[in-house]
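Participant: I'd like to ask you about the structure that follows.
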Amino acid sequence: MSAADNIATILSSGARLTVPLAFAACGEYVAQRAGTLNISVEAMMLGAAFGSIAVASATGSATIGLVAGALVGVAVAFVHGILSHRVQINTFVVGLVLNALVLGLTSYLITVSTFTGHQVWQVDIPVLRDIPIIGPMLFVQRWPVYLLLAVVPLTWWLVERSRWGLELRAVGENPQAADVSGIEVNKRRRQALLWCGLLAGLGGAYLAVGEVGSFNQNMTAGRGYLVIAAVIFGAWRLGRTLIGCVVFGLADAMRLALPALGVTMNSQLLIAAPYLLALLAMLVFATAHREPRALAQPFQRGTT
Amino acid sequence: MATLGIDGTGQRLLRRLNPGPGGWQVGLATVATVGVALGLSALLIAVTGGSPTASTKALYQGSMATPAAWSTSLLYVAPLLLVAVGACVSARSGFFNIGQEGQVLIGALAGAWVGLRLAVPGPLLLVLVLLASVVGAGVWAGLSALMYRFRGVNVVVSTMLMTFLAQQLISFAVNTPWLLQESRLGRGTLSPQSNPVPENARLASLGEYPNLQLNGGLVLAVVVAVVLALVMARTRWGFRLKMVGLNPAAARHAGVRVGALGGIALAISGALAGLAGALLLTSPVGTNRLQPGMSLNIGWDGLLVALVARNNPLLAIPVAVLFGVLRAGGSFLAATGVPSFLVDVVKALLVLAFVAPPVVIGMLRRRRLADQPATPTTPTTPTAAVASPEPGDPSVPATPTASVPNPRGTAPEPPDPGDAGTAGTKDAMEGRLA
């Protein structure tokens, strides 16, 4: 294989590893802008991955499975929203419990049931795929990948240009001020979580019915935490968050590809890189106050 | 440890268990939610074609039926309890540490390093191993405190991210021959694990009463739990810790060095998680080798134990026993056709069952009393109070606002400058000056 082929392979697999992260990161970005440091994104992705395969297996349609997976993500988000923004249990506690619950539940259910594999169809654009290096990466992918082309601008528009997004950001920056302006703080936060659940669900479902075609125990394997790292690395800006996802995806692809290419590189460092980068980003940019000011602070009317 | 007698300690203990107004409602609600959690678990078994009674029996037989089964259960209890007690300390201070899983591994790494590299005779080596794990993991968690102190990095986020760093650090250590990877015996391939720590660095079993083996680690863990419970309940330091957790702004006004105190709490919680890691290394839970998977999710589970125990170190003892029992029993489940993952579901549901009632009842009380118009500058009940929900805990005289579940139930007087929490954030200041 030529060097160009190698690069094309790494890029293409990097793109595939980036996609689930990018979907979920768009969601997590919205949740965090609204002030919820949502760690149950892992549960959303894992539950969605399981749900998509279960439904795809039952209906025989991977597309219906994908939709069902997204809905599972929404369901997890709904529970999280109720528990942390209505009942006011600490959001990290809720996240931890949901992660543990979904991991246990999916592991249990996959052990007692058998599902047939399903995979959504692949887009393969005849001429464009022959473009060297970037051709396979851009033009030979499972179709949900191209949903990103709609999801990313939509998320940006929702947060930056719509009234809903303005209120959302207000809720994330200064809930007290938002509250006296007549915005229902916890309702907006719940809504942001639902959007997060939908997209994290899409990401998780893509992982199962798009990338792998089946479900195995703990198949997200910490990707949810990677998504949180991406949002932090991206300093709560959508574009940089997505760049973070691409960097993390490429690091993962290189870890998988380098041994086959005969290059020895420290795989532990590559796995740890995203978390290290996120920590460094927080340390370096800490004084820039880029994070939503009310991030991870619960809101109760009448309290500061 | 203290018994529930009618002496002073017992009464205090009883009072701690009864969180004042709404306490009995919380108790009853908890009983109900635990019932629901167990019912849901039984339903899950039944729906997937298993038999709930057979599963319960298997859980019992694997964990409590024989002295040998108890021995297995109690082996898990010690590290779970240590992690949980640490989590109680950090959660009390409001510096919520969720990185125990990584700190357990770092503790084991430091312990293994000392145990394998130092040639010290006798039980001194064991002491050094335990000390190294405490210091190693304490420093590791302390890094998060430093990041918060100097760069304002969110503690939850940094402890979480550092868990993944720790996992890769261990993986690196046991994959690198010049670090801790096992030495080659013959011509077999090298596994990603260290050599077993020497005999004199292992925790001895404290006698065998017919078949019941009590490991020294358990005694250590219970002593640590009781001591920290006393420290938190009876000393000035413990009082300050609580103050910081319930109302950092008030604590700062009262002259408490919030950052330093929280940092110490974080380091303690890391150190205890590290000690749990050393127990996993030195007691017969595992193979006495450093391995990437050796933490057995004890870090995450210990955190759940603290949540169920509502951040009370003494309550953490029975809860840790319960979780240890579930863990040991889980391995017997497979024989009945029910996957052992059931135990994880049960644990998560139990946590919800214990965490939700106080918060829900607090909310309902607030709603019922919320007739007066809202006052935007009413003092705060910060995050930690939600994590340690003891509405109206009578032992918190210094933070009156936090001890009253309904801030609006109090007369909305104009807050005086030294009042708890009003100067908490810039927003509050602005609101007060307006």
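Cβ from N, Cα, C; glycine included.
All TrEMBL annotations are machine predictions without curation.
Note that the structure is predicted; figures quoted are calculated from it, not measured.
Annotation comment: TrEMBL describes A:48-79, A:91-110, A:143-159, A:192-209, A:221-238, A:245-263, A:269-288 as transmembrane segment.
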Participant: I'd like to know if the transmembrane segment (A:48-79) touches the transmembrane segment (A:221-238) in this structure, counting it as a touch only when three or more C-beta pairs sit under 8 Å and are separated by 6 or more positions.
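Facilitator: They do not touch: fewer than three Cβ pairs between the two stretches lie under 8 Å.
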Participant: If I count Cβ-Cβ pairs under 8 A between the transmembrane segment (A:91-110) and each of A:48-79, A:143-159, A:245-263, which range comes out on top?
Facilitator: A:48-79
Participant: Determine which residues of the chain contact the transmembrane segment (A:143-159) at the Cβ level, with the cut-off under 8 Å and only residues 6 or more beyond its ends counted.
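Facilitator: Sequence-remote neighbours of the transmembrane segment (A:143-159) are 15-16, 19, 22-23, 26-27, 29-30, 33, 66, 120-123, 165, 168-169, 195, 199, 202, 205-206, 210, 238, 242.
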